[in-house]
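Residues annotated as signal peptide in TrEMBL: 1-19. Feature annotation from TrEMBL assigns transmembrane segment to 215-238, 283-307, 319-342, 354-378, 384-406, 441-463, 475-501, 513-533, 545-567.
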């Protein structure tokens, strides 16, 4: 095994898999030092995720000796980064006049490949010193009969001291594609001084006019006002109603048994003997709550890290960070899932731990495995290598599972006692008939509307950054939206649960979870609107990639919202039954 930067390969591999680090620190250049131009991927402009190796098109490479590239992070490998050496001879501050570096011997097969790429608006990506550069393969004439290839790469590199801070590519040398001809490929390099600081060199790729648009600010303000209104409304209704309920129940306490029997008893107090009854399917329910708490922790930590560090400056760093944080927060899943399962009297805690630990990884890996078959059929760069699959499985079995076990044991021992304020009756109380809009199914369908309304504008910006060519960097907005979403979700589920209990229906656990989780259904429905009206995606691979991973995203969001809604509602239910006198 080779050593990387002086560390043994096995140590480097563990660091690479579990942390978002660069293997070798970037060092300043010296004059005439080699600067590597990496060719990354090529693919249709409208299908961002449908990418292929640059040399899958019949381009030719320069004569310089090939350099191998190591995947720096797990995220880089999962995102289909396929860096190949261009073979171009570029040295720091050494200008190169227009020079032919190779010739394409164009036969009919190569011409057809280039024509297909031009018709589908293929463009390619390159990297110099980790700065991305994009160029278009070619163009067709107005009639679409003749097709032309851009053959001249004109590079202009900006430097500040001994650092590269800016790269621009101009494509010139339009040559008509004619079979059985030779097409010379050339390049030139011009160096210029720049005032851009090294730490600010990625600012040119950001789009403040898009992300800091007035509509974005207005949507945040609108959601914030909704939160204030909703919290005020919930507080006023519940405090006023609960005060009346407490007064009525206190009055009933002063009556004798005969008066109480003749009285018209109704309301949430009547189900005190059943409200803390274990939910149906407690094993699945507790696993969902544990997974939701973990997803919330991951979202919170990753957003904070992204606010502090500019994760967009490193390839795959956001995905690497998310995987590392997810693995590290596995005890959260075990703690909340294990303690809830113990409170509900569950005995198969090992099975619950396994289901909780592997629920989200199995969903993500199952979707990725399905899409991977299509990627392999297409020979796309997004096809996940076997070694990367093994690495992900190792993280699941040797990091996530043990940490989940630790959390489960702690949760069962520290907070697994069912210390409910009311005794649970031996025989379940029959649930009376109620109006159709008080049925749990109706409450579940309506519960997700307001939480979705508070985030759908932000969904547009997040979708655009992932599915189009924008770099998302306004993580302060995302943090505000996460806080707003949690507050709205808790308020809505508390109101839904209060009405349900008032109708003397004690099945509040699943109802509170699903009414909050139904936000995911609306998000997934919005993803259909976004696909058909906001993008120009096409083809089996891109469509399956889009709807597959949007289903994963929506499900994870739903599980998180459901867990947040349940935790808030659980605190509310415990509070109101603690404050009322029970015989």
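Yeah, the Cβs are placed from backbone N, Cα and C, and that goes for glycine too.
Unlike curated entries, TrEMBL annotations are predicted automatically.
Of the candidate ranges 215-238, 319-342, 384-406, 545-567, 215-238 has the most C-beta pairs within less than 8 angstroms of the transmembrane segment (441-463). Cβ atoms under 8 Å from those of the transmembrane segment (215-238) belong to residues 450, 453-455, 457-458, 461, 474, 477, 480-481, 484, 487-488, 491-492, 494-495, 498 of the same chain, restricted to positions at least 6 beyond its ends.
Most Cβ pairs under 8 A with the transmembrane segment (319-342) among the ranges 283-307, 354-378, 384-406, 475-501, 545-567 are made by 283-307. With a cut-off of 8 Å between Cβ atoms, the residues of this chain six or more beyond the transmembrane segment (384-406) that come close are 17-18, 74, 77-78, 323, 326-328, 330-331, 333-334, 353-354, 356-358, 361, 365, 368, 372, 375.
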